[in-house]
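Database features (TrEMBL):
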type     : residues : note
SITE     : Arg149   : site 'Required for activity'
CARBOHYD : Arg149   : N-linked glycosylation site
SITE     : Arg156   : site 'Required for activity'
Amino acid sequence: MATPYVPLLKEELDIVIPTIRNLDFLEMWRPFFQPYHLIIVQDGDPNKTINVPPGFDYELYNRNDINRILGPKASCISFKDSACRCFGYMVSKKKYIYTIDDDCFVAKDPSGKEINALEQHIKNLLCPSTPFFFNTLYDPYREGADFVRGYPFSLREGAPTAVSHGLWLNIPDYDAPTQLVKPLERNSRYVDAVLTIPKGTLFPMCGMNLAFDRELIGPAMYFGLMGDGQPIGRYDDMWAGWCVKVICDHLGLGVKTGLPYIWHSKASNPFVNLKKEYKGIFWQEEIIPFFQSATLPKECTSVQKCYIELSKQVKEKLGPVDPYFNKLADAMVTWIEAWDELNNTSEAASSKEANGVAAK
């Protein structure tokens, strides 16, 4: 008799999904997602009706809701871009977030067993990371693995894991030039491994199969100002990843990548993507060295303080590259202000409580 599936962290995790279409893909995920609360962020036309399969516990926000809830600060939330998903991170009240795209289906491992991606992400997040010293057996906390000879005992407790970055079978997460020269390429390589990305090393974060500890790193998970009205798209999740990694390195937090896999079913149009990415392809040659050399002062003891400091450096160092980065830096500040207002974490709220005035 099969052991019944017991959902982990059922009351402590929200699933955030950005979409412009009916969420029929949830049927495939029903055995794994139905116990959890969903936050659906509808992009595009707010008058369009999005159908959600019956039986799911969810709340749905469209652009009108975002404008109503955030007021003038809604300007920091991207429109006509999957970056709108980060509004779901802001309104969630749970400790953990899992976000997935609506063209991602349940993958199977090499034995043919369906992969419960959410469960693997949770295991990654609940397990320490090893950013300060690389273990050649990858994740030493997995069953059947341990720290190898020569690994300092003083570092074996590890660091808290803030981010779990999952991967994809079938359609790879390629940029437009790579899509154009490899239109038929598919990823069939399943690697049974999870590893911690070392301190000081950046990575290209993909938002289609991603989980994070909202309490540890949530305010830095801003997916940038992209899409409609902006000169760039498809860099939203990577921008968040670069900011997050610099802040995690500063605060002593870990980022894991590897398992779990999902099945990415739909290749986006490379010509449309090229138009969105065109400026980013040039700009990333300035952006990545900026993040590689970015340092945060010791006074930055919270994610919010780190993020505001990063926004100042973005304006100073990347502003001369293009005026867009001044706009993005301002949006980063607006994002933190909106996050703090919605989550009662601002210094102003703390000050009111300290003075006996209840924060709203």
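Glycine residues also receive a Cβ, built from the backbone N, Cα and C atoms like all the rest.
Highest Cβ count within 10 Å among the recorded sites Arg149, Arg156: Arg156.
Across the structure, Arg156 (site 'Required for activity') and Arg149 (site 'Required for activity') are spaced 12 Å apart at their Cα atoms.
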